[in-house]
Amino acid sequence: MDFPTRFDVIVIGGGHAGTEAALAAARMGVKTLLLTHNVETLGQMSCNPAIGGIGKSHLVKEIDALGGAMAEATDKGGIQFRILNSRKGPAVRATRAQADRVLYKAAIRHTLENQPNLWIFQQACDDLIVEQDQVRGVVTQMGLRFHADNVVLTTGTFLGGLIHIGLENYSGGRAGDPPSIALARRLRELPLRVGRLKTGTPPRIDGRSVDFSVMTEQPGDTPIPVMSFLGSKEQHPEQVSCWITHTNARTHEIIAANLDRSPMYSGVIEGIGPRYCPSIEDKIHRFADKESHQVFLEPEGLTTHELYPNGISTSLPFDVQLQIVRSIRGMENAHIVRPGYAIEYDFFDPRDLRYSLETKVIGGLFFAGQINGTTGYEEAGAQGLLAGANAALRSQGKDSWCPRRDEAYIGVLVDDLITLGTQEPYRMFTSRAEYRLILREDNADLRLTEKGRELGLVDDRRWAAFEAKREGIEREEQRLKSTWVRPNTPQGDAIAERFGTPLTHEYNLLNLLSRPEIDYAGLVEITGDAVDNPQVAEQVEIRTKYAGYIDRQQEEIARLRASEDTRLPVDIDYLGISGLSKEIQNKLNQARPETLGQASRIPGVTPAAISLLLIHLKKRASGRQLEQSA
């Protein structure tokens with residue numbers, strides 16, 4: 001049977017990628033369907049109960065700047081907030097929040113159910129309707145057909161999902177949920193490169209069976225940070241601490257003695273796991289010289305005793321898991337509520353995608369999240385928003401959009417994936433970005449909100465707050481620039497005494513703020529007229545202190561942008577370009593890069609090859625001009 005309503009965009013999956021994709025498309029005014037196998041699991045945090053961290057919070061803030069839901073849901077569900085790298089420069093500072101799973105999921109569901117243009121339907125998707133290399137809709141488990149020319153797949157770990165505990169395994173999308181077998185089989189029929197990846201999760205612990213008195217308490221920061229640009233600490237629920245303990249020699253002995261019972265080390269698991277979130281057995285094997293590893297006990301929520309022991313993800317048999325847990329200080333009598341496990345799943349080579357996250361072989365079919373080889377809620381949410389927005393743009397007959405590497409971490413993420421591909425679950429770090437001084441988490445709105453408004457992603461409430469902030473920054477910078485302090489005056493003497501900086505002549509306050517020893521709060525305490533908005537004060541201080549470095553980075557970006565953005569024709573014949581080696585011809589022909597900049601980042605493509613490409617493009621353009629004049 002055909003569903004009576006035709007949609008512009010259909011999103012498959014209600015995880016972090018799917019919810020952001022559906023919300024983005026609906027915000028842009030197109031008729032959107034979110035199809036999920038279970039409405040009760042919309043926005044569920046399948047692994048650790050945390051949002052943000054190094055590189056990841058930058059993505060969350062960018063999602064927020066573009067009108068997404070993740071940051072605001074974190075503020076409503078966050079039970080501990082911390083700023084990581086707070087003593088380092090602003091480029092690498094990151095916000096991290098522990099979240100109450102129930103509160104976070106409720107916030108996401110509330111947002112979904114109150115979003116205009118968005119329909120939600122509970123059914124598993126088993127098939128795609130494809131006609132002449134163009135997607136036309138989907139078919140559910142009960143044979144119901146939904147029609148749309150744009151479909152976003154956000155299947156997480158469900159495609160061919162296989163759960164491992166010891167040498168036993170069974171089909172599943174995650175613990176308690178069925179896998180997507182029929183859809184996985186259908187996707188494998190398409191001309192797309194497919195592989196297997198693996199991720200894992202630790203056993204959950206009953207907090208009543210833990211001795212916290214022998215552990216190190218890790219409270220949140222004061223004052224409490226916020227995640228969203230629209231957030232406030234008044235939104236936060238009760239705040240709680242995490243606790244730190246360590247593995248020990250006994251723990252490592254138990255693991256080493258049972259590696260033959262590990263599905264990873266016995267060859268049962270074929271998929272590659274995340275390098276930067278390894279299982280405890282992987283840590284013991286790879287870092288055999290380390291005597292201990294940290295374990296962070298993270299509360300799962302305010303209304304449960306469950307704890308998430310971050311650092312001991314494992315797929316060893318349950319009896320070994322119990323020995324491991326009880327060998328750790330403070331957990332000698334611990335009760336395991338849920339066993340840890342590993343899960344293998346299908347992913348598709350992201351090099352088969354365009355910058356819009358649309359597949360190159362099937363028009364209107366978009367992929368986002370773990371299906372593209374990434375790991376993490378934040379990476380998934382960022383891709384989901386972009387894919388949903390581009391699906392909406394396509395339905396409106398408009399050009400696709402993706403931020404450049406110098407505009408957003410989302411741009412870095414997508415460019416890395418579609419240019420380089422990935423052999424292991426991809427995680428975002430600040431070190432992946434060349435222009436991280438410009439791509440700070442604190443200025444994500446200044447970089448992206450205006451574009452989001454243009455696309456239709458940003459509502460009036462966010463736009464008004466953004467304009468007020470932007471105007472506040474400009475006004476305060478102008479005030480500091482036009483306010484002067486002279487030596488041998490009460491203000492001049494107070495500045496000299498507080499900062500140890502005698503004034504030799506007249507300075508404006510902006511000049512003084514550029515000095516490393518002078519901070520904004522201390523300066524305006526002496527001179528008066530501080531701004532009320534802490535986001536404005538933060539921006540003024542960072543922009544002033546790092547102005548020289550930022551200007552140099554902007555100049556470098558401007559130099560590179562001309563060649564970076566040069567489009568490569570869809571029909572270009574790389575095999576016919578003389579001067580290119582066969583190896584480079586084949587690499588370019590396989591990757592089919594969209595721009596010269598993307599071509600330059602393909603492994604093995606040399607600067608000389610890029611120069612030859614540029615010459616070829618100029619010859620091609622001049623040849624067409626001659627044809628037109630003739």
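For all residues, glycine too, the Cβ spot is worked out from N, Cα and C.
Taken verbatim from Swiss-Prot:
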BINDING   GLY13, GLY14, GLY15, HIS16, ALA17, GLY18  FAD binding site
BINDING   273-287  NAD(+) binding site
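Positions of Swiss-Prot features highlighted on the structure.
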| residue | record | DSSP (3 states) |
| --- | --- | --- |
| GLY14 | FAD binding site | coil |
| GLY273 | NAD(+) binding site | coil |
| SER279 | NAD(+) binding site | coil |
| HIS285 | NAD(+) binding site | helix |
Subject >> Number of other Cβ atoms within 10 Å of the Cβ of SER279 (NAD(+) binding site) across all protein chains >> reply: 25
Original post:
Among the binding-site residues GLY13, GLY14, GLY15, GLY18, GLY273, which residue has its Cβ surrounded by the fewest other Cβ atoms within 10 Å?
Top reply: GLY273
**OP:** Show, in sequence order, which residues other than GLY13, GLY14, GLY15, HIS16, ALA17, GLY18 on the same chain lie with their Cβ within 8 Å of the centre of the Cβ atoms of the FAD site.
**Re:** VAL11, THR19, GLU20, ALA21, THR36, GLY43, THR154, GLY156, GLY369, ALA380, GLY384
Original post:
Given LYS283 (NAD(+) binding site) and GLY14 (FAD binding site), what distance in Å do their CA atoms have, once rounded to a whole number?
Top reply: 32
Subject >> Residue with minimal Cβ packing [other Cβ atoms within 10 Å] among the binding-site residues ALA17, CYS277 >> reply: CYS277
**OP:** Quick one: give me the count of other CB atoms within 10 A of the CB of HIS16 (FAD binding site).
**Re:** 34
Subject >> Cβ atoms near ARG275 (NAD(+) binding site) (within 10 Å, other residues, all chains) >> reply: 14
Subject >> Set of same-chain residues at least 6 away whose C-beta sits under 8 angstroms from HIS285 (NAD(+) binding site) >> reply: LEU259, TYR265
**OP:** Spatially speaking, which of the binding-site residues GLY13, HIS16, GLY18 is closest to CYS277 (NAD(+) binding site)? Use C-alpha to C-alpha, please.
**Re:** HIS16
**OP:** Find the one among the binding-site residues ARG275, GLU281, PHE287 whose C-alpha lies closest to that of ALA17 (FAD binding site).
**Re:** ARG275
Original post:
Under 8 Å Cβ-Cβ from GLU281 (NAD(+) binding site), six or more apart in the same chain: what's there?
Top reply: ILE255, LEU259, SER262, MET264, TYR265, THR314, SER315, LEU316
Original post:
Tell me which residues of the chain lie with their Cβ under 8 angstroms from that of PHE287 (NAD(+) binding site), as long as they are six or more apart in sequence?
Top reply: HIS293
Original post:
Including all protein chains displayed, how many Cβ atoms other than that of LYS283 (NAD(+) binding site) lie within 10 Å of its Cβ?
Top reply: 18
Original post:
How far is it from GLY18 (FAD binding site) to SER279 (NAD(+) binding site), counting Cα to Cα, in Å?
Top reply: 27
Subject >> Candidates GLY273, ARG275, SER279 (binding-site residues) - the one closest to GLY14 (FAD binding site) by CA >> reply: GLY273
